[in-house]
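This structure is in C-alpha cells; I'll ask about it shortly.
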Amino acid sequence: MSSVAQKKGFGAAVWDWMTTVDHKKIGILYLLGGAFFFVLGGIEALFIRWQLLTPQNDFVTAGMFNDLITMHGTTMIFLAAMPILFGFMNAIVPLQIGARDVAFPFINSLGFWMFMLGGIFLNLSWLFGEVPDAGWTSYASLSLVSPGHGIDFYALGLQIAGAGTLMAGINFLVTIINMRAPGMTYMRMPLFTWTTFIASAMILFAFPPLTVGLFFLTFDRMFGGQFFNHLMGGNTIIWEHIFWIFGHPEVYILILPAFGIFSEIFSTFARKRLFGYPSMVFATVLIGFLGFMVWAHHMFTVGLGPTANAIFAVATMAIAVPTGVKIFNWLLTMWGGSIKVTTPMLYALGFIPSFVMGGVTGVMQGSAPLDYQLHDSYFIVAHFHYVIVGGVVLAILAGTHYWWPKMFGTMLNETLGKITFVFFFIGFHMTFLIQHWLGFWGMPRRVWTYMPNQGWDLANMISTIGAISMGIGVIILVFNAIMATIKNERVGNDPWGDGRTLEWAIPSPPPFYNFPQTPLVRGLDSVWLEKMDGNESGFLPAEPVKDIHMPYGSILPFIMTLGLFIAGFGAMFRLEHAWGLPVLVGGLVVTFFAMAARSVRDDLGFYVTKEEVLQTEKEIAQRGHN
Amino acid sequence: MKKGLKKWRLFSLLTVLAIFLAGCGQEEISTLMPAGQVGRDQFNLLMIAAAIMLSVIFVVVTIYTIALVKFRRSKLGEDHIPEQTEGSHFLEMVWTVIPIILVLIFAVVTVYYTYKLGDVSAMGATDEEGNPENLVVDVTAKLYWWEFEYKDLGIITAQELVVPTDEKVYFNLIAADVKHSFWIPAVGGKLDTNVENVNKFYLVFEKESKDLRDGVFYGKCAELCGPSHALMDFKVKSLPRAEFDEWVVAMQNTADEKPVANQKGEEVFVQSGCIGCHATDATAVQGGVKQSGTQGPNLATFGDRNRVAGFMPHDAENLEDWIRDTQKNKPGNKMPSYGEDQISNDEMDALVEYLMGLKVEEK
Amino acid sequence: MDVLNHKFTPETWPEHPERATLEAKNKFVGFWLFLGGETILFATLFATYLALRNSGPDGFEHTTQSLYDLKLVLVMTLLLLTSSLTSVYAVYHMRNFNFKKMQIWMSITALLGTGFLMVEVYEFVHYVGLGFTFGSSAFASAFFTLVGTHGLHVAVGLVWITLLIWRNAKRGLNLYNATKYYTFSLYWHFIDVVWVFIFTVVYLMGVIG
C-alpha cells in the first residue's frame, strides 16, 4: 500500500474499494468475499454432519436440514469455490502474462459486485426464514411445489451471481487473447493462465443455459409460466438437462484452475520445468471439450434408455485419459526435481492421492449400470467431495498460501500452514472415505435422519468427527491470515525463492500499474530462464519507461448491481404486496440508468507519467532496503 | 529396530482399518450382498471397476512415493539445480495408451450390462392363451409412501411390495406428485419415478426374505422429495412362487372376507373418515382404474406389515403415535393428525386393534 | 493518442477503425465472445421450444397450426432483414469516414427495427386476445419466451443505437465511438440471424408441420 492510501480516512478507503477497477484489488475482494461464504458454507456443513452424528438425531428439523444441504451446496459451488478461484485469476493472470490490467476493468468490477450482491441476496433467505430447500440441483418438480420464497431466492440470487460470472469469463478470455506481453505466445503461457483460459471459455458456453434454466424456474414460480408443470404440458426433465448441461462443465470450471494452481506449485517447488507442458495444455483443452459431452451421466437413472446411457457412459470414461495424463505429468515433474515441502507443496502432495481416488470413483460411476446402484447414495457424496474438496479446495488452500505474499505482501506462517494441512487433510479423508461404504450399504444421500440398525451408525459418527477436524483446520488458517496481517512483515519480489513465472519478477504486492515496463518473454517460465541466464531480477523489459495508460475507478458497477438486487425483491413479492411491482420496475430503472450513464459518459482513463512511475519504483526499492 | 516396530504398528492399524472398511453391511440393504441377478451384475461390475481402479491407484502411489523419497531438496542440497526436462514422448505415449486400453475394457463391459439391464422387451409378453407371462408391478411414488398395483391380478397394496422369487419381476414406475426414485439396494439399482412418464425396468429376487433379519428387504426413496425424503422407506417380501400365488388369491378375496379383529374399531375407521382415503379391500382397482379410498395407502395387508408408516416399528404404541401426530413423525406428509377430540383414547385402542388385524397372511 | 479528439481525414482514417486501439480490439474480441454466449442462450431456448412445441394440458386449443399467420411474419422478416442490410451500409460509410451517411443509415436501421418491434407487439397482443397467454400451456410459455427474448434483444438494440446516434450527433466519428457503432452492427446482424432461425423453426415448421 502506498503512503497515499494510509493517509485516507475510513470512509475514503471504503469508497476506494467500492469503486476500484484494479484487478489486484478486485482479486482481493473476490478472495475475501469467497472466504466469507466458504466459512458460512462450512458452518452449514458442520450442522449437517452434527445432525447425522447419531441415528434419529433431532438437532435440526427435517425442513431445516433440507435448507442446510441446499445452501451448503449452492454456497460452496457458486459463492465460495468459484469466487476464490476468480480471486486468484484476477490477482495473478494479468501478472503472469505481463499485462497492466484486465481487458475490461469496469466489467471486472461489475462481475465482482454481481457475485457479492447475488450471494448476499441468496443468503438473506436465512433472515426471511424462507430458505431454498430443493437441493443445489433444485429439480423442477420439487422446486415448483416448495412453499415460501426459498426457491425464489435461489433462482434470483443465482441469476445475479451467474451473470457476474459470465462477465468475468469473457473478461479473462479477452485479457488472455489480447493483452499478452511481447513474446508471450500461447505455448509459453503458465499453466494457471492456460487453465483460466479454458475455464473461462467453458463459463462462456455453460452459463447461458443456467441463465435460461433459472429464468424458466423464475417464470414458473413467479410469472405463471408452465415450462415444468407436466399438467400443463411442461416437462421436468428439461430442467435436469439444462441444469446438467451447465452443471457438468461447472465442475470442470472449478477443477481446471485447480489443476493450474497445482501445476505452478509442483514446478516451483520441484525446481523443475513442468513435465510434458504441451500435453498438459492439450489435456486441459480436451477435458474442457469433453466436459460438454457428458452431462447426461448425472441422469443415468432418469430413464433415458440404454442407448443414451451407453453413449454417455463411454464418453464419461474417455475423460479419465487426459486426466490421467495430467497426473503422470505431475509425478514426472517431481521425478528428478529438487522437492522442497513448503505448505503449498504439502497441499499439492496431498492432492495427488486424494484426487486420484476421486477420479477413479468417477469412472466407476461413469459405468451406467453400476451407477444405478451408486447414484444418489452416499457413494456419490463421497465421490464429489473427493474431487471438489480433494481437488478444488486443496488447490484453493494451496493457492492461498502460495500467492498470499504476492497479493498481500506478507507471508502466512509456514508452521501454522502445515498444522492447518494436517487437520484438514486427515479430517477430509476421515469424513469422506467412509461415505463410499455408506453408499454401498444402501444409505441414500440428502437424508435428514436415519433409523438405527441399518449398519450405518458408526460410519456416520466417524464421518462427523472428520468434519470437525476439517473445521479446526480452517479456523487455524483464518487465525494465520489475521496474524500475518497484524504482524505485517513485508516480503520482496519472490519470497519463495524459486518463482518461475512473471508475477515473481515484480514487488509484492505490485504497484497499481504492475509493470513499469512491459516485459519481454523469451520462453516458458520466463523468470526462471532470465535468472538462469544471469539476469538476477528475472525481468527483461520490452520497452523504455513510458507514460502508462490506466482506467478510472467507478461506482457505477455497484449501482447497477444494487438496482438488480432491489428488483429481485420486487419480483419476489410482486404477487403478495402492492409495492412489489413498483420496486421491481424501480430497481431495473436504476440499473438501466446506470448503464446509460456508463454508455453516454466518456471514460477514457488517465496517464501515469513517466516521472511518477520512476518515483514509485524508487520508493518501492527503498522500502525493500529498510 | 524401533523403525521396524513403528512400521509394524502402522501395518496392523491399516489391516484393522481394511477389515473394517471391507465390511459388507447388512444383508437386507447392502449392495455388497446382492440377492438377485441385477444386483449381482452390478456387483460384478463394481468388482471389475475396483480391480482396475485399485491397480491405477497402486501405480500412481508407487511412483509418487519413490519420487518423494528420492528427490527431496533436503537430500540433494539447497543449491541443486535439476535438469529442466521438457518431457518424454515415449512415457507420455505409455500413460495415454494404457489408460485408453483400460477404459476400453471397462467400456465394453459397461455397454453390455447397460443393454442387459435395460432390456424390458419381454414385459408385455403373453402366452398362447393371452395371459401375461411375467409379473408386472405398477409402482406409484407419492409423498411419502409407495403404492404397488398388480394390474393383471386386479390387486393393489402399499408400503410393502410382495414378489415371487427366481423370476424377472417387471416394474412400471411413476410419481404422483414430485419426483422420487425407487431403490431396493440389496436387489438392484434404482430407477427414478418421474412425474410425466412411466419408467420400466426389471429386478430378480433370488432370496426368500423370510431368512432375513426382519423378514424383509429394505427399499428406499433415492431422490430428494421434501422434508420426509429420509423416511420414505418401503419393505419387500419375496416368496416362492407357490406362496406368492396363495398370497394373490388371499388378496383377491379381501373384497369379500374382511378380517374384523375389533368391531368397534371398524366403526371408528368408517366414522372418523379413515375410509375416505384408505381402502381395506385390496381389489380397490378394476382394470387398472382405482376405486374410492385410494388416496392413502391401501390397508388390506396392514397387519402383515413390518413397519408403521414405512419406517416405525410395527406395534400398537407406534401406530397410535402415528395417527395422533403424523406431522411430528413424518413432516410434510398428507395425512391429517387425529387428536383426542376426534378419536378418543378408547376408540383409538379399538381402531389400532382393528388395523393390526387386517391380514391376508396366516400368522 | 487522444482517441476522442484526434482529428482524422478520410485519408488518415484507418482501414479497420473498430479495432485500431487496444481498447477497441478488446471490445471487438469481447463482443464476438459475448455473441458466442448469446448463441448458446438462444440454442437452449430453441431446444426447449422444440421439446414443448404443441404440448399443453389435455384438450388445449391453440397450436402452431391454428395460431401462426405467415403473412404477418413475412412482413416482420422483411423489415428485419432490410434493417440488417442498412446497417451494413452504415458500417460501409463508417469505414469511408463519412459520418453523416453513417448516421442516416443507422437511423434507417433503427426505424426498420422499430417497425419490426411494433408488428411483434401487435402479434403478441393479438395472441393474448385469442386467449393464448404466457401461462395457458407449456407451449405458450416456450413460444413467448423464445420470441419474446428475441424481441427484447431488438428493443435493447434500438435503445443502444438511439443513444449512440444522439450522443455522437455533434462529435463526429472518432476511434472511440467507431467501435461502438461497429459492435452495434455486429449485434444487429446476430439478432437478424436469430430471427431467421425463429422464422424457420418456429413459424415455417409450425405452419407446415
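Each residue, glycine too, has its Cβ placed from N, Cα and C.
What TrEMBL lists as domain 'Cytochrome oxidase subunit I profile' is A:9-522. What TrEMBL records for A:28-48, A:68-93, A:105-128, A:153-179, A:237-262, A:274-296, A:308-332, A:384-404, A:416-438, A:458-482, A:555-573, A:579-597 (among others) is transmembrane segment.
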With contact taken as 3 or more Cβ pairs under 8 angstroms (pairs 6 or more apart in sequence), are the transmembrane segment (A:237-262) and the transmembrane segment (A:68-93) in contact?
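These two segments touch.
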Would you mind listing the long-range same-chain contacts of the transmembrane segment (A:105-128), meaning Cβ under 8 Å and 6+ residues beyond its ends?
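For the transmembrane segment (A:105-128), the nonlocal Cβ contacts are 19-23, 26, 29-30, 33, 37, 40, 71, 74-75, 78-79, 82-83, 86, 90, 149-150, 153-154, 156-165, 167-168, 170-171, 551, 554, 556-558, 560-562, 564-565, 568, 598, 603.
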Among A:28-48, A:68-93, A:153-179, A:274-296, A:579-597, which stretch has the most Cβ pairs under 8 Å to the transmembrane segment (A:384-404)?
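It is A:68-93, which has the most Cβ pairs under 8 Å.
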Out of A:28-48, A:68-93, A:153-179, A:555-573, which stretch has the largest tally of CB pairs under 8 angstroms to the transmembrane segment (A:458-482)?
A:28-48
For the transmembrane segment (A:28-48), which stretch among A:68-93, A:153-179, A:308-332, A:416-438, A:555-573 has the most Cβ pairs under 8 A?
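Checked against A:68-93, A:153-179, A:308-332, A:416-438, A:555-573; highest Cβ contact count belongs to A:68-93.
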Can you name the far-off residues of the same chain, 6+ from the ends of the transmembrane segment (A:153-179), with a Cβ under 8 Å from a Cβ of it?
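Same-chain residues near the transmembrane segment (A:153-179) but 6 or more away: 70, 74, 78-79, 82, 86, 89, 93-94, 97, 99, 102-104, 107-108, 110-115, 117-119, 121-125, 128, 130-132, 134, 138, 143, 189, 193, 196-197, 199-204, 207-208, 210-211, 214-215, 217-218, 221, 561, 564-565, 568, 571-572.
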If we skip the immediate neighbours and take only residues 6+ beyond the ends of the transmembrane segment (A:555-573), which ones have a Cβ under 8 Å from one of its Cβ atoms?
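Tertiary neighbours of the transmembrane segment (A:555-573) are 15, 18-19, 106-107, 109-110, 112-114, 116-118, 120-121, 149, 152-153, 156-157, 159-160, 164, 218, 222, 579-592, 594-595, 597-598.
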